[in-house]
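*Asks:* Take a look at this one; I'll ask things after.
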């Protein structure tokens, strides 16, 4: 394949070309203290254990959350999409809030397919904006909402309703009044310019709408009743009065404000969501939007009685769940990622085999390749998707397709056709999400068996392996209090954790083809997933592009 000078990689001064390299991503496999809720620790995982305990210079931990994967803060859990973006791209691209800021500042948000879709309701129907009213910057930001309202009004929105959720968690309790007053002033200005703009409903973030991890669907239902049905136990003529009054209720604060609706002079709710309306959820952080998005988007829904399910045009600020593709429409697209490691390696003649089962196949191909479909060079690449089990929860068959993935990888390695064999083994994440601890232990054991199968093949061809993960999950299956102890609910029951975690993930290198003297560097302050691409390029015998995050390895004579 002809290589233009722009794509040509320099030869590594110390590491040879020509070694078969297996790149293994264990999905949802973080590192945490060993206890009964650490399914990785409790599973028989001899292959992974041998890496951790066998060679301290070739096993280490890297970050897979927060700023290391382009998310705004260290409170942001990683996920499979941003994780594979970072693994494949070798650089950190803005995700989440940063991406929204850029799209709003440039105006690109108003040119995208998502905004065009919701704007089709502007002429005859209402635009509803739902989210956390705060400048905390963790889930949402007031200035982004203000720009969204302004831009929508300038582009034809004639009737706007805002459904606010007060914060008091990421900002000071009591600050809600000021945020409501600021928003109300903006809406007054719009009304003076002929746009019918009002706050329509509200409530506290921990009590209305913003539940997460399917902890309490009643929270979502309270929001649904206020926003869609126009029903709530408290009715007010304006939102400032509502927040000030409800804060005086016993036990109430910004986080736990009871739901309210704004009504007109006749006592009728001013802004229930009805057929033909457009709805935008303006939080950029995903975790507290997914449940509400399901209620808005899924026709087949059984978590609570919605009473009615309006036919709306719904878009999220972002897509909140890449695996569920939820919501299916969104205002801000994923980052534009160029010059990925996969594209560089193909331009330099490296042949690649990539494989996973359906639930993570897109991650080891599309997301790895910078949100790009298809092959860079079909003569040098082969992607294989193994169909995932369907119609059952993953804890029913926790082994999933791990062994089939291992077999495909083994066969690809032994075929001698590929320089790189890349897989994602989904078990730890997909079974971890079910909250079934026993099944997740089985899942981790199956993943380790697949790893062993790949290691054995690498041994036969005298190749190299790189094993890492995209984020944590299976290593901690219980919610914890501030002291780190398992948290209990009001009835004294253990609170199971079904989400990703903030834990670091392991990375290990090895195999008979690994040159003598290769070890992980100790001088990198906070290495993360984005450092993996340069590392893999080095092991293929190349120096990574100068703007890539630095390699994790060094060669000691």
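A Cβ is built for glycine as well, from the same backbone N, Cα and C atoms used for every other residue.
Below are the features I grabbed from Swiss-Prot:
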- 27, 80, 470, 471: Mn(2+) 2 binding site (BINDING)
- 80: active site, phosphoserine intermediate (ACT_SITE)
- 139, 169, 170, 205, 212, 285, 286, 287, 288, 360: substrate binding site (BINDING)
- 429, 433, 500: Mn(2+) 1 binding site (BINDING)
*Asks:* Far apart in sequence but close in space: which same-chain residues, 6 or more away, have a Cβ under 8 Å from residue 27 (Mn(2+) 2 binding site)?
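*Replies:* The list for residue 27 (Mn(2+) 2 binding site) reads 80, 360, 363, 424, 425, 426, 427, 428, 429, 430, 469, 470, 471, 473, given in order along the sequence.
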*Asks:* List the Cα distance (Å, whole number) between residue 170 (substrate binding site) and residue 433 (Mn(2+) 1 binding site).
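*Replies:* On Cα coordinates alone, these residues lie 26 Å apart.
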*Asks:* Using an 8 Å cut-off from the Cβ centroid of 27, 80, 470, 471, can you name the remaining same-chain residues around the Mn(2+) 2 site, in sequence order?
*Replies:* 25, 28, 64, 78, 79, 83, 84, 360, 363, 424, 429, 469, 473, 500
*Asks:* Give me the sequence-ordered set of same-chain residues, not including 429, 433, 500, with a C-beta within 8 angstroms of the centroid of the Mn(2+) 1 site's C-beta atoms.
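*Replies:* Checked against the 8 Å cutoff, the neighbours are 27, 28, 80, 428, 430, 432, 471, 473, 474, 498, 499.
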*Asks:* Where does residue 212 (substrate binding site) sit in the DSSP three-state scheme?
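*Replies:* The residue in question, residue 212 (substrate binding site), is coil (DSSP, three-state).
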*Asks:* Highest CB neighbour count within 10 A among the binding-site residues 170, 429, 470?
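*Replies:* It comes out as 470.
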*Asks:* Count the Cβ atoms, other than its own, that fall within 10 Å of the Cβ of residue 288 (substrate binding site), considering every protein chain shown.
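*Replies:* Taking every protein chain into account, the count is 24.
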*Asks:* Based on DSSP, name the secondary structure state of residue 139 (substrate binding site): helix, strand or coil.
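*Replies:* The three-state answer is coil.
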*Asks:* Can you give me the Cα-Cα distance between residue 212 (substrate binding site) and residue 500 (Mn(2+) 1 binding site) in Å, rounded to a whole number?
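*Replies:* Here the two Cα atoms lie 12 Å apart.
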